[in-house]
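> Found this in TrEMBL, in case it helps:
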type	residues	note
ACT_SITE	183	active site, nucleophile
BINDING	211, 212, 213, 214, 234, 235, 236, 237	substrate binding site
């Protein structure tokens, strides 16, 4: 471990960017999980529990040179043709008074910050898309009904689109699959006590174009508060964003719960409604005590690094415990 100080903001930015550049499991960064049109798009967020020392978005106290805590964040969703999603999210935090920029205009924003515009597709991602299209675009995320009748035409359970709506009927989605999505989530605590959480992903494979998951959503993909700690999430974002699990975990710690108790409570809240859902949380207190909880898989691996451990150590939690 380097003895040189690095801020928690920079640690999360560098760590998530490294995963993007290395295409971690093809679920983060360019060249993975194409949407139904064959394009790869990116989501990312960085959430600062305090951001001391940063002027941007700090409320200057009258007659004072100090700045107040603001729970600052920057995020991008549906980012197209820009490889460095986390750095663009950091740009939203550093250079704007906004929190979240999406779609084509997120690309335009990134270009203003001098990020190069380039294709996010690779031979690998295009081969995935072509194989899926050859299999009649199955599976996909267009909503069928309980009785396998169709809501759109042509029938999305049997053929590719484009689709047009024909009716609205009841449906219960399957949130148990782990094959179509993944996310990198990172929590960092620096020597000043600044707590930062970040996420980056290229989302669901074969998602409907324009879909944004939970990763860039505050309280869903990540949440941090210097007074308490932080949490990051991975799993089925369409489901998990409805429950704000990272916000809940941090608030549980605020009420006195340990990280393990907080993680279990947040996962349990979703499990009550969707027993078979696929997802996991990593939670840390402001003092660096950490824990994880998961559902819908046998185990969940995560990595930890601190002075006591002397380097990066891989941990695993049993999801059935």
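Placement of Cβ uses the backbone N, Cα and C atoms for every residue, glycine included.
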> Is the residue listed as 'active site, nucleophile' helix, strand or coil when read with DSSP?
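Once the DSSP labels are grouped into three classes, the residue listed as 'active site, nucleophile' ends up as coil.
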> Taking the residues 211, 212, 213, 214, 234, 235, 236, 237 listed for substrate, what is the greatest CA to CA distance in Å, to the nearest whole number?
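The widest Cα-Cα gap among those binding residues is 16 Å.
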> Taking DSSP three-state, what's residue 236 (substrate binding site) in: helix, strand or coil?
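DSSP assigns residue 236 (substrate binding site) to coil.
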> How many Å separate the Cα atoms of residue 212 (substrate binding site) and the residue listed as 'active site, nucleophile'?
13
> Using other CB atoms within 10 angstroms as the count, which residue among the binding-site residues 211, 213 scores least?
211
> Given the recorded positions 183, 234, 236, which one is most crowded in terms of C-beta atoms within 10 angstroms?
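When each Cβ's neighbours within 10 Å are tallied, 183 tops the list.
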> Which residues in the same chain, at least 6 apart in sequence, have a Cβ under 8 Å from the Cβ of residue 214 (substrate binding site)?
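Looking at Cβ-Cβ distances below 8 Å from residue 214 (substrate binding site), excluding near sequence neighbours, one finds 220, 221, 233, 237, 238, 240, 241.
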> Specify the count of other C-beta atoms within 10 Å of the C-beta of residue 235 (substrate binding site).
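A count of 27.
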> For residue 236 (substrate binding site) and the residue listed as 'active site, nucleophile', what Cα-Cα distance in Å is obtained after rounding to a whole number?
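With the alpha carbons as reference points, the distance is 10 Å.
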> Spatially speaking, which of the binding-site residues 211, 213, 234, 235 is closest to residue 183 (active site, nucleophile)? Use C-alpha to C-alpha, please.
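Among 211, 213, 234, 235, 234.
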> Going by a 10 angstroms cut-off between Cβ atoms, which of the binding-site residues 212, 237 has the sparsest surroundings?
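The binding-site residues 212, 237 were compared, and 212 has the fewest Cβ atoms within 10 Å.
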